[in-house]
4 protein chains.
Amino acid sequence: MLQLDFHPTGRHFLQIPGPSPVPDRILRAISLPTIDHRGPEFGALGRDVLDKIKDVFQTRSPVIIYPASGTGAWEAALTNTLSPGDDVIMFETGHFAALWKAMADRLGLNAEVLSWEGKDEYLPNAPGWRHGVQADAIERRLRQDTARKIKAVCVVHNETSTGATSDIAAVRRAIDAAGHPALLMVDSISGLGSIDYRHDEWGVDVTISGSQKGLMLPPGMSFNALSPRAIEASKTAGFPRSFWAWGEILAMNADGYWPYTPNTNLLYGLSESLDMLRAEGLPNVFARHDRWAAAVRSAVVAWGLPILCADEQCYSSVLTGVIVPAGVDADALRRLIHERFDLSLGTGLGKVKGRVFRMGHLGDSNDLTLVAMVAGVEMGLRQTGVPLAGSGVEAIMAYLGSHAAPGYRQAAATPGAA
Amino acid sequence: MLQLDFHPTGRHFLQIPGPSPVPDRILRAISLPTIDHRGPEFGALGRDVLDKIKDVFQTRSPVIIYPASGTGAWEAALTNTLSPGDDVIMFETGHFAALWKAMADRLGLNAEVLSWEGKDEYLPNAPGWRHGVQADAIERRLRQDTARKIKAVCVVHNETSTGATSDIAAVRRAIDAAGHPALLMVDSISGLGSIDYRHDEWGVDVTISGSQKGLMLPPGMSFNALSPRAIEASKTAGFPRSFWAWGEILAMNADGYWPYTPNTNLLYGLSESLDMLRAEGLPNVFARHDRWAAAVRSAVVAWGLPILCADEQCYSSVLTGVIVPAGVDADALRRLIHERFDLSLGTGLGKVKGRVFRMGHLGDSNDLTLVAMVAGVEMGLRQTGVPLAGSGVEAIMAYLGSHAAPGYRQAAATPGAA
Amino acid sequence: MLQLDFHPTGRHFLQIPGPSPVPDRILRAISLPTIDHRGPEFGALGRDVLDKIKDVFQTRSPVIIYPASGTGAWEAALTNTLSPGDDVIMFETGHFAALWKAMADRLGLNAEVLSWEGKDEYLPNAPGWRHGVQADAIERRLRQDTARKIKAVCVVHNETSTGATSDIAAVRRAIDAAGHPALLMVDSISGLGSIDYRHDEWGVDVTISGSQKGLMLPPGMSFNALSPRAIEASKTAGFPRSFWAWGEILAMNADGYWPYTPNTNLLYGLSESLDMLRAEGLPNVFARHDRWAAAVRSAVVAWGLPILCADEQCYSSVLTGVIVPAGVDADALRRLIHERFDLSLGTGLGKVKGRVFRMGHLGDSNDLTLVAMVAGVEMGLRQTGVPLAGSGVEAIMAYLGSHAAPGYRQAAATPGAA
Amino acid sequence: MLQLDFHPTGRHFLQIPGPSPVPDRILRAISLPTIDHRGPEFGALGRDVLDKIKDVFQTRSPVIIYPASGTGAWEAALTNTLSPGDDVIMFETGHFAALWKAMADRLGLNAEVLSWEGKDEYLPNAPGWRHGVQADAIERRLRQDTARKIKAVCVVHNETSTGATSDIAAVRRAIDAAGHPALLMVDSISGLGSIDYRHDEWGVDVTISGSQKGLMLPPGMSFNALSPRAIEASKTAGFPRSFWAWGEILAMNADGYWPYTPNTNLLYGLSESLDMLRAEGLPNVFARHDRWAAAVRSAVVAWGLPILCADEQCYSSVLTGVIVPAGVDADALRRLIHERFDLSLGTGLGKVKGRVFRMGHLGDSNDLTLVAMVAGVEMGLRQTGVPLAGSGVEAIMAYLGSHAAPGYRQAAATPGAA
């Protein structure tokens, strides 16, 4: 019999960029008894979450909820709107963009990859992984496509593998400037619910997201937010599909149900999560993450280590990647930190394996948790013998001490004052 | 804010044939904090469940665990082993067999449907829905296929929509007797963990199952148990696929990990569930369900209402369908029972909508829960004005009172005696 | 390592008259992380429950919440208001009244016991245990006490050991009619929150109650509802006391705190419980229990077995005691029912040990649960060879089927209709 | 309706010296359904915890478990062994020793207070609160008591209000050296389960403890560990008592039951807690706390602030009190830290109110949690304008980084390596 609570003393510090720490309220909610997915109580639950979820995407269009992980929602976005052999443009901002591209290849799409084209002293093999999407490159490419063969532009909003947040509004402007009819598909799996994301305003056709990041849920649920054009495209898309097919889901969602068994208990958690985000207010949520991210970056700067994202305009408020000095094995460092300090950090994925580690600062966290994370990393760096320019812990403490948190949190933390 | 605990007083009686009532142990397990799906603790969890899950399928081959609902596992079975346009035989035993067939159509397979060919006085439009798979019909059809164009035979082990359990060993013998190389794919979504199922001994190539029935978990996780031939077939199968593709999953499972984010918290529940089934012992689990099913049927017989499954050899130990008299709306009856007695029953699906209701007797249940279910149904039948031949409650009480439960439960129920 | 979830399959039927089954909402609430009992969040929690708890007692006076079980609250009531050697009248309605009397003896009070004085064919050794408090006997006794030496009248509102509910308003009228200054102390441990109880209107000086009955919480918390006279009496009461002393508690409660560590997690549950009762409305709560009790009694009548409570005016809506035929060992019957049907019944306590069993019908229960209970008892009676006049299960089904539940429950059970 | 999860983002840092943070395993355990406290399952539970609890006290004598908070267990120790008017010696090491003394007064005991008699520059009004028990003073006093009128010596093992741990073995030696028959009663409410405590070896007659400290449970359960002499004394003790009386409890504990309703759900948690402590091993548990305490003190030393406990021999491994500079309001500091950093610290109690704050480092904690605590305190000190000699965070990081944790934790944290 496996002991499922693995950590013998105290709470584990789960500082990977998702799955993020799940609030106690949500863990309790998902442990309520499962109900009949065809009964009236479920219908009430279904209508509740299908309505509230739209706010987080900032959309008035339908949001599809899949009882599946985020990777499935990638596949759903592609197979519902496209046909085998279709041309699509994908922009490689990091490992997840690359994985999505690999999926497109496996599905038989003709995916063309754009990327940042400069050079990088630290990561000569992956210079583009230090930058966000270049909207002008997309515009140029679309203008060349006079035959309008390109059916979709696929970009990642917040690249979880690097910590670069791309300007989706700029991508929309680029497509419009080129007068191109391609659909715009955006992965905001790790951005949604933590940093500002506007499905409607930015004219996104399909937004892909998942439960285990800003929504602070366990993994196992994923999303496609649609646009009228995406729905229209789905009617003629040529991919064989059944589980992922939007049509039947949309039809049954009208009453709060799904064509096949939804994952009821995660929907309990989603309802709770959406109540929490609504109570805090999205602007407060975004400001909270922005402040945390600035604080964590101040620590990295104090250490004198390069932030993985090289473009300040694209710094992610969800996670911060750090490049370790040549000769240091970032994964050995992570293992040491895990074993000594019960702190999980994100690994370097794909092209940057062993060269970087990532610190998550999203969702159900707070100031001291982030100080603890920075302290754990700093102790690990020292034990590994990495020379540091200064104290990251001092830096983050100075930052947090001098920058008050956004309003809601303060108010909620002092019920006695109310 | 939605109040997620919908039932104001007392426990809801969830007597649908799945999702089944989830044991308290499992609900507590899935509420433990989510961990890093790439950390060492997760690897230990992954190896634990990947090992233990084989016992329930009675297989030594790998079992794929999807972070998705059961319908997805149907799609996975088809797309991993077949190619668009392939010929397959499917046997229509009820609504889920029909849904699987519809999926095959949507995916572009050439699915030929066999079914029981007799007549039925009660359900003239769906006579085959009162019977199990006819192995001899499959054998005949395969013998005709001298060109060996048929790539797979797809059958449902326990048809959840009707309560008929088919003889899978007989299907295997039929295929062998015909000397046909077709793969055998079996949906045991609602049979696994409740009634005897032997993936290896019966020579099944892909078994599809899900979390929310005999495994007593919330929905959101599904399975493909494989055979060496199925794995071989997957290497040349022509369907575009990515999320469902076995290869990468099998490779990463070796260390207890998955290529994309698994649903960690349901895996906690799975580990707990498998420990519970192992502690009770599969033979005890099966005997427990057999006894319950016989008891529930005795009530239906006492009422004088026809059991949906017309073939005693195929009576399901997981659920019992009941045909209501002509003129009675089975769904109105179910609604009344739900509103008056907080009892959820299974609806009549597809061709039998309004004509039947289904009583689940699986998983985390016990004698008195089933008596309560029968009582709730009986009160509902009376209030609806359905003439009853006798008392179903008396019948089930007589049955349960005179048939002792299998050994384990008794032993466990009397710790004081130990 | 002990496996804490003792029941291998399905939910245990906990049909004792308390601890009552705890609703899932409350179980989740008490599992939230413990907070600082001196911090501002706790103050908010403390003020919340201290305010809401008054409604359940129907009082505007303070209610003391002890981090202790109900027996402690008995002691608190006596030692806060009385002095060693004081004369008190106690009315023996059953085992708990007798236990309270024994406590008074141990504490050095001079407790005089009144009881119903008739004869009883079934329980010749305990005739008074089949009746409630006789207010006229109290009045007579108080009139004799011209010296006004009697300091308190102590009665049990709902005698948990027998199922007799006494008329507290009549006791108040009796004291007033005698013009006697004795304090009125009432144990409503098992009545509060299930049957009508009016601390202020009935002029009760101290009401004792506990968490594990109508409040549907686990045991571990108990109450003293006070009156101005009781508070006054506490200032001169002569018992040495510290833990139970009201004064310091009342002083600190003003801000929502306690002088020593309160049981934080049960207070979470209390807050949730009081929200649930408020949402349902006390009149609905009482009507719900009245209906259940009548239904259960109809089953006992059908069996032809005597109800322990011989006075219809005193039938308890919380539990029903049943006298088994001479020669039958009620505890052997209970054991058999527990082992065979996972159903816990209340034992015969003290003078009626072996002669009776008790069925609880309180708190978080519902119609089918009670039918299941009656069925389990009936199967046990049959297996024990007890001759039954008729079917109790048929009787309770007939009763419940023809008596609709009070309003709230129906409305809440049909969210789809709302 | 009160929102019970008060902390809007992230986990609260509960760094008071108890209630300590409750492990997730225990929170899940206490949320299992309540069972019949007179049924066979409960008997198994009762015997389990009554057996395992002895190990933590390091005793073979019985341990009484009260469904009440720790203050009640103080009262129980006194009233079970003594008579009104008895002489007892109590040693004032801090606020809790003073509270226990006040209780003795209220109960009518004749309590004489000893204390450290030196002078203190920082706390001239409470010099004794910076020291532990002086065994030699006790010996002197007992030698004077030639009439053997003193019935008991009452000391606090770990003074929660100050952070001084007294040498109980020395107290025993002092009593023995004086050849005095007084009982030795020890409050180890906050020491048990965190620092070495040996009821039998140290010849303690009654040890008082509680659930919410080293046992890592919510408050609501408390303990008296007995000795044969204490049990003997209880037979002639003159205090009126009922709820707290040992005799009946000991009799019923033989079978695993209690005379009145025990708090079942906390007993679930106790069983889980004792399993956790047993798995780790008490020596590992103690070493873990010792290391943490040394680490936290290194931070205080770095700040240049005086540790409340002035005697290095008595430094507590459970908590560290800190004296703030004159003119600083320690409670205003605590409030600021709570509001800004979601960190709860212990207040200065009684004579040291406003002059000190206390940092808990006990139970379910870990290295980074303590670093976070020190960081939160340091930021608060800076914002309050307290001049600091150096960085406490740097100091604790240096300490933890250079002192590896005891064995068990490391092993458990690396399941992948096993």
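Cβ atoms here come from the backbone N, Cα and C positions, even for glycine.
Using a 10 Å Cβ-Cβ cutoff, D:R358 (substrate binding site) registers 26 neighbours. As annotated by TrEMBL, substrate binding site applies to D:R358.
Summarising the annotation, TrEMBL assigns domain 'Aminotransferase class V' to D:37-335.
According to TrEMBL, the feature N6-(pyridoxal phosphate)lysine maps to D:K213. Other Cβ atoms within 10 Å of the Cβ of D:K213 (N6-(pyridoxal phosphate)lysine), summed over all protein chains shown, number 29. DSSP assigns D:K213 (N6-(pyridoxal phosphate)lysine) to coil in the three-state reduction, placing it in neither a helix nor a strand.
When averaged over the domain 'Aminotransferase class V' (D:37-335), pLDDT in the model lands at 97.
Taking the Cα atom of each, D:K213 (N6-(pyridoxal phosphate)lysine) and D:R358 (substrate binding site) are about 15 angstrom apart. For the recorded site, D:R358 (substrate binding site), the DSSP three-state label reads strand.
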